[in-house]
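Here is what Swiss-Prot says about this protein:
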ACT_SITE  Tyr59  active site, proton donor
DOMAIN    122-269  domain 'SIS'
BINDING   His124  substrate binding site
Amino acid sequence: MTKIELRALGNTGLKVSAVGFGASPLGSVFGPVAEDDAVATVREAFRLGINFFDTSPYYGGTLSEKMLGKGLKALQVPRSDYIVATKCGRYKEGFDFSAERVRKSIDESLERLQLDYVDILHCHDIEFGSLDQIVSETIPALQKLKQEGKTRFIGITGLPLDIFTYVLDRVPPGTVDVILSYCHYGVNDSTLLDLLPYLKSKGVGVISASPLAMGLLTEQGPPEWHPASPELKSASKAAVAHCKSKGKKITKLALQYSLANKEISSVLVGMSSVSQVEENVAAVTELESLGMDQETLSEVEAILEPVKNLTWPSGIHQN
């Protein structure tokens, strides 16, 4: 059995699986997931070589953390065998990036996850807060938690790419260890590429999420609330239909496209069933043994060309 490739994450010394386990679906965000299924999914992912699990108290109003905690506990392996990231600042009730809330947040998360520490604690979707508060209050609070051993490393997440440079230019080097970007490294949008040299120069590890663009590049299509423009939605639909007509799965192609760039340490994919885990792992191992289906990829890229790198607004206006 091919083990999934492990990649170095910035300067952290962590080695994360090229595919990471996105645990938001365990919070029944996209439909109900039974506890037994959640536990079985985590177990299968770990068995097949996925060692990196990502969650947040926001996903499913804390349910994702609880389910992931149960799944990890059931593995009955040493804590150092897996890497866990959770987040703070975004909750079902809204956003709160204050030092006080962050302190409370990690204690609550650790209890739900049944862990003594997390490997990475991210500020979640910082474009919805004041970036200056993130720099002057939130990140220093996270540094304190790092000193106390509640998290090993600190990260920031969000959609607009300029939030990363804004914060990283204003905090001491080595303060932020990791960034998590989503929807900016996939077949339809690869704008994260432009930022990679900058992030490398800062010694910051890069995690990319949503290679399927939050459902745009799937046969079932995006959820009703998806913020993409009608143009982007219809081009994506055409790309999906093209793959289907050739008997190919766009999800596999899209995931492989994201995985092919080794500068990105891990690509997070949401998983809520054993079959999804197996499908994702097969995509990785096939990429390593057979390479990409270049012909279909070129055809899909041609269909998406008119909407390439189109994104959508996210966050509040920063003055």
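Every residue gets a Cβ built from N, Cα and C, even glycine.
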Measuring CB to CB from the residue listed as 'active site, proton donor', give everything in the same chain under 8 Å that is also at least six residues away in sequence.
Ala23, Ser24, Leu26, Gly27, Val29, Glu65
In three-state DSSP terms, Tyr59 (active site, proton donor) is classed as coil
Chain-internal residues near His124 (substrate binding site), provided their CB is under 8 angstroms and they sit 6+ positions away
Ser56, Tyr58, Lys87, Cys88, Gly89, Arg90, Thr157
Note the mean pLDDT of the domain 'SIS' (122-269), expressed as a whole number.
97
DSSP tally for the domain 'SIS' (122-269), helix/strand/coil in that order, comes to 66 helix, 26 strand, 56 coil
